[in-house]
């Protein structure tokens, strides 16, 4: 498959609009076209060891869950390991793509996979995603009526000079038994201030309405998950389930105030990776994530919420096997998809 065809299919599989605004997702390194992709390597973290593996296995394309390029690079030299990744990728004509938080929000994504470790449960996103294109433009809709056509034309002419206004339409309306013109427009938050100021200077407008254009929620899509178990399970049993699912011998545990290992867990809030900001303030018996700040753990424990930390990438890496199977179907088995054997969490228990 051509690289651009692969990228288009990946964007269709998980729209990049689902990613957090701070994230750096999508195609990060592109060899000069045309570039054919026959082998795709999946990895959680693109390290130099994984890059060497990709070269040895003759991969044409790497999908790295975490973006190897996050902060801007001022130069591409051999002096730092992230710069060397870019150099080697271009030398060996290997494209690099990262989905990161787009896969976190995906209904069949990383957090959905992590929730399977709890056992039978139902789950909903902690922070639901909204549709990116509905409404297509603007954050607010302004509607008003006017009776004086001449003055209205002058007003509309001034409004058209305001930036970030769209969908400006007029239609006849009958207001208080008087024939008038109804005006409707979409605008941004910034443009709204200018529109309101302009209307306040003109007494010809009547029955002005300002509506907040709310985007609809996407079903089963969003950051984190709140999982309700089919039946309460002792905390000790949940820990064993998590360790088995993640293939870990050890996890870190902070038991909630007033709770014990025998305390029942009915609701668990989880977030793969670093979960502090996503889990904060959520009502649950248990928080499950890779890492949290010390003080956020203390806050949770004080509220009687137990916390299980498994290290950042341990809560993500196991998803790659499921991802391989899903992408094989999505890409119609046109390319060879392999999971890195060198990718691993940098921490170990010693």
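Cβ atoms here come from the backbone N, Cα and C positions, even for glycine.
Predicted automatically and left uncurated, TrEMBL annotations should be read as such.
Per TrEMBL, these features apply:
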BINDING   66, 104, 312, 316  divalent metal cation binding site
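TrEMBL feature annotations superimposed on the structure.
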{"residue": "66", "record": "divalent metal cation binding site", "contacts (Cβ under 8 Å, 6+ apart)": "44, 45, 46, 98, 100, 313"}
{"residue": "104", "record": "divalent metal cation binding site", "contacts (Cβ under 8 Å, 6+ apart)": "110, 111, 223, 224, 271, 272, 273"}
{"residue": "312", "record": "divalent metal cation binding site", "contacts (Cβ under 8 Å, 6+ apart)": "273, 274, 290, 291, 345"}
{"residue": "316", "record": "divalent metal cation binding site", "contacts (Cβ under 8 Å, 6+ apart)": "44, 65, 110, 114, 272, 273, 290"}
Inset, instruction - List the other residues in this chain whose Cβ sits within 8 Å of the Cβ centroid of the divalent metal cation site residues 66, 104, 312, 316, in sequence order. - result: 44, 65, 100, 110, 272, 273, 274, 290, 313, 315
